[in-house]
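Listed in TrEMBL:
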- A:C330: active site, phosphocysteine intermediate (ACT_SITE)
- A:N267, A:I268, A:C330, A:S331, A:D332, A:G333, A:W334, A:D335, A:R336: substrate binding site (BINDING)
- A:559-587: compositional bias 'Polar residues' (COMPBIAS)
- A:118-496: domain 'Myotubularin phosphatase' (DOMAIN)
- A:299-343: domain 'Tyrosine specific protein phosphatases' (DOMAIN)
- A:539-649: region 'Disordered' (REGION)
Amino acid sequence: VENVRLLDRLSSRRAVVGTLYLTATHVIFVENGSETRKETWVLHSQISSIEKQATTATGCPLLIRCKNFQVIHLVIPQERDCHDVYISLIRLARPVKYEELYCFSFNPKLDKEEREQGWKLVDLNEEYNRMGVPNNYWQISDVNRDYGVCDSYPTEVYVPKSATAHIIVGSSKFRSRRRFPALSYYCKGNNASICRSSQPLSGFSARCLEDEQMLQAIRKANPGSDFIYVVDTRPKLNAMANRAAGKGYENEDNYSNIKFQFIGIENIHVMRNSLQKMLEVCELKSPSMSDFLWGLENSGWLKHIKAIMDAGIFIAKAVAEEGVSVLVHCSDGWDRTAQVCSVASLLLDPYYRTMKGFMVLIEKDWVSFGHKFNHRYGNLDGDPKEISPVIDQFIECVWQLMEQFPCAFEFNERFLIHIQHHIYSCQFGNFLCNSQKERRELKIKERTYSLWAHLWKNRADYLNPLYRSDHSQTQGTLHPQIAPCNFLYKFWSGMYNRFEKGLHPRQSVTDYLMAVKEETQQLEEELEVLQERLANLEKSQSGNKVKSKQQDRSKQFGLYTSNNSLANTPQEYSSDLKSFPSRSPSQGDEDSALILTQDNLKSSDPDLSANSDQESGVEDLSCRSPSGGGCLPSEDSGKDSDEAVFLAG
Amino acid sequence: MEFAELIKTPRADNVVLHRPFHPAVEGTLCLTGHHLIFSSRRRDNAEELWLLHSNIDSIEKRFVGSLGTIVIKCKDLRIIQLDIPGMEECLNIASSIEALSTLDSVTLMYPFFYRPMFEVLEDGWSSFLLEQEFEHLSSVTNEWRLSCVNKDFSVCPSYPPVVIVPKCIDDEALRKVALFRYGGRFPVLSYYHKKNGMAMLRSSQPLTGTNGRRCKEDEKLINATLRSGRRGFVIDTRPLNVAQQARAKGGGFEQEVHYPQWRRIHKYIERFNILQESFIKLVEACNDQSHNMDRWLSKLEASNWLTHIKELLTAACLAAQCIDREGASVLVHGSEGTDSTLQVTSLAQIILDPRCRTIRGFEALVVREWLQAGHPFQQRCAQSAYSNSKQKWEAPVFLLFLECVWQIHRQFPCSFEFNEHFLILLFEHAYASQFGTFLGNNESERAKLKLPQKTMSLWSWVNRPEELSRFENPIYEANSLVIWPSVAPQSLQLWEGIFLRWNRPSRFLEEAEEERINIIKYNKELQAKVNVLRRQLAEMETDGEVQGEE
């Protein structure tokens, strides 16, 4: 479709005209501008909703909201075209078969061996060994070998040594979806562990001997402690309501030596609505400070984030400081349980705060234990009530921790944002399906590529310059402040307003420091070479001519000194100016507010966008990235598409 | 007056000091004429706390048995608690502190007694003279002149003795214009945008009154800043209805009929007590110890503080936009021209002028646009957020300005030569200081108090290399361009360095800062080493060549 206008949400004056293409996998918008021909690529799987708005004089507006929080506002001249695009997108955005997803056609030009290597990058067996199991207390169980006991669990599960197959099977029958207690994290230092399961089918009075023995076995696997915590991550009321359906929670009277604890995290429906409300706030056209803060509070989002953090902090404290093992569950044990276990692991073990460790953590607590990626993130057309930003919340928890502990993580914010992006993109096979079983049946590893290998290859882009493995913040357990520092939880505009670069700091300290560090490394190398050469020269004073290949260092290293800022133009500071008369009568009410930027600017600065680069202090865009190349690492390898639009913006 | 008369108990032992995020310390408390001094008795780690009495905003006392507790709330927003054994001692100390922290005579303030322990390399009182600024200006344009019409402060008591005005306006005309502007604050040059020759003027409101009085000289003065055929903008920091109401009291605004070349824009920047209330509410919210996430956000919202920040930044950006993008001259004023006007003109310069983003340039900006321009620091900063008194002159006007600078700094972290600590330093010294810089309400008062002769300037101290290094931004790279900040709510944050400074754990953030400094430092060291070696190598090579030729 030609002559489509792409509107900039923040300022209507920055609309661009171009051509819209629909392909089997992407929506592509190509700008008409002769030189740049900027392209915006959006994967169909990223589309969360499409809204056709009432036709106006200029055309038919189409609003595409994406799961990575991009909002694309198009105006298509012909109503008929718009309708066709709308209908096609609705179909394309909701594939019904896995085979339609992008990862089955995506080919990053790697050979078979490289692909296999990629899948081997994260190895959970290795991870459990790193934790220190199997050992005297824990062993691998093959009870779920053919997914015979629990189809949403992995085949290899660690259980206490004293838990026999009989106990495991018995316990599994007493747990929702047969998700019996299994090891999530083992603390080598003091034998305390974090185990996870689903809720018990206790109803009002039911008991299960094997389940009680199972919990006993977990306690025994930690000889240093005479009880375990059982943490139910649901609000008490929800858990009690479940009893009427024959489910529920552990009765302290029936289980010996447990301490039962509720930590109220709301369910997926509350979280879905909360995110929805927060995104509405983010989308407000020119919100006042009150609108924004009030809306943010009203969404409850940060409160939910804090609840998850608090649960993680509680468990980490129990394990690290009290040396007590913890069993965590919610209802099915695949949403809140995954969040809480992974936050606790992250706090406890510095390894998970490294890039590789973080991949392992997601693989362990989310992928292998049957977090329902397909349902939660709507990869295939399904029940909209199953969709919920569960892992988004976990990722935000990590970001909140990074803000509080700036030196503790090996990776940076961009790493988190790109992981979130790919959980929805379906470009890599990692997060397909709802369980390991389904992934094996689909032969994901043979037919798709692994995200982890892709991220690992580009790891230079994801490094936190402040991280040093020998820094004190890097060691041991992290102790975030709990109360009364609520103000520590902040709105993450880098994620939820990710595509509105205008809202973000225009210069990135992280990128700047990375560039400096890279230069430092080169200096170190040069220093070595120079010293060697000097030594040689001193040896042979005779004056052998050493060909000096002096590099033009000032040029090479001068690069980083230019600013890291993104394009920067004034916003519409006068947008609330009703009393200010418009100079061009043809413009409507809304535009009269834009007087300062509309007519005069157009006459004096015919090429605003070219000017804007100047304004930002960016002499050369290529200098922003430490690697010297494109500043934003390619997400769609080669077509770094959805961000390209902002490069020259 | 002898301070000794006010000090009923000069010293108390076994006092316990409590501070958030610090273990309690036992030690000795001493009171002197200007300081409260607490020193711990622990031999291994002797710790001393010196607190200026003038930094104390309010003091509360309570008793449990014979153990008295004094809670001291400071103007820099810190709260400390002292447990003092003995009811009488405690009462004495509390009343002494109260008396000493509320001295009513300026000449009894610490700056008049302070003897510096450092060598003065440069007298800060004469570091930033308007004459120098004018010299700088003269190198690019000759359309302006220095006027000494106010040399004895008779034309405008709140203006400095010299001001910069359009060349074609003589002193006689200035006198007439002064009569037409509130408080005699006739339009003067605030900033000249070299890039396109546009000017920013500031003044107070015109005294048009209800019958639309006009002043030909005033019109001539501001028209003199326009290019022929071009318009200018008057940015009035009051909403239209407030400006209209001002006419009833003799004030007013520039009417289109008399100023046809000027387009008026009304912004709404809050004043005095509204700002002060907002400040108090915000600090209350930050000190709130409850656990509920929702209450925090709603309190933050209810304080309206960030709304003021947003409005102020927006107005400043607008002024900058008029000048840089519209190529128009701008006149900024509100009512008196001593508060919101200065906020707007100084912030616009931060956006437009790279010089103002250097340490020295920022100091010059504070001197020129705040101190010399007659912002009544003594009135505005007499009390901070903990004061109970309902005096109407206090307002965190300067703090709001500093916070806006911080907001821009956060968005352009590489474009400022100074760091956040520098802004915090200025906030502290505006409220309580050993230096005379922020005493008095204007240059006339400062001259009467003989501050330059009798007190030390903050700039004399801060501009010494050993002090300066603490305020340098390690990742500064001069950026010669205009920087346009975002004013969207998502882009504005609470200034934790001020408001949560004393009640957040700061260790990890400080470590991060240290790490940043070290990364840059190491890089520079290597750079230097490599350069030395390169030179050596080059020398040896040429030597070698020479030898070879021989």
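In case you wondered, yes, glycine gets a Cβ from its N, Cα and C as well.
Since the structure is predicted, the reported quantities are computational estimates derived from the model, not experimental observations.
A map of TrEMBL features onto the structure.
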| residue | record | DSSP (3 states) |
| --- | --- | --- |
| A:N267 | substrate binding site | coil |
| A:C330 | active site, phosphocysteine intermediate | coil |
| A:R336 | substrate binding site | helix |
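Other residues of the same chain near the substrate site, with their Cβ within 8 Å of the Cβ centroid of A:N267, A:I268, A:C330, A:S331, A:D332, A:G333, A:W334, A:D335, A:R336, are A:S198, A:T233, A:R234, A:T337.
Helix first, then strand, then coil: DSSP counts for the domain 'Tyrosine specific protein phosphatases' (A:299-343) stand at 31 helix, 4 strand, 10 coil. Residues A:N267, A:I268, A:C330, A:S331, A:D332, A:G333, A:W334, A:D335, A:R336 are the ones the record ties to substrate, and the longest Cα gap between any two of them is 12 Å. Cβ neighbours of A:R336 (substrate binding site) (same chain, under 8 Å, six or more residues apart in sequence): A:T233, A:R234, A:I265, A:N267, A:I308, A:A311, A:C330, A:V390. Packing around A:D332 (substrate binding site) is summarised by its Cβ count: 19 other Cβ atoms lie within 10 angstroms of its Cβ, all protein chains included. Residues within less than 8 Å, Cβ to Cβ, of A:W334 (substrate binding site) and separated from it by at least 6 positions along the same chain comprise A:S152, A:R179, A:S198, A:F369, A:G370, A:H371, A:K372.
Other Cβ atoms within 10 Å of the Cβ of the residue listed as 'active site, phosphocysteine intermediate' number 28 in total over all chains. The number of other Cβ atoms within 10 Å of the Cβ belonging to A:N267 (substrate binding site), over all protein chains shown, comes to 15.
Within the model, the domain 'Tyrosine specific protein phosphatases' (A:299-343) shows a mean pLDDT value of 95, rounded to a whole number.
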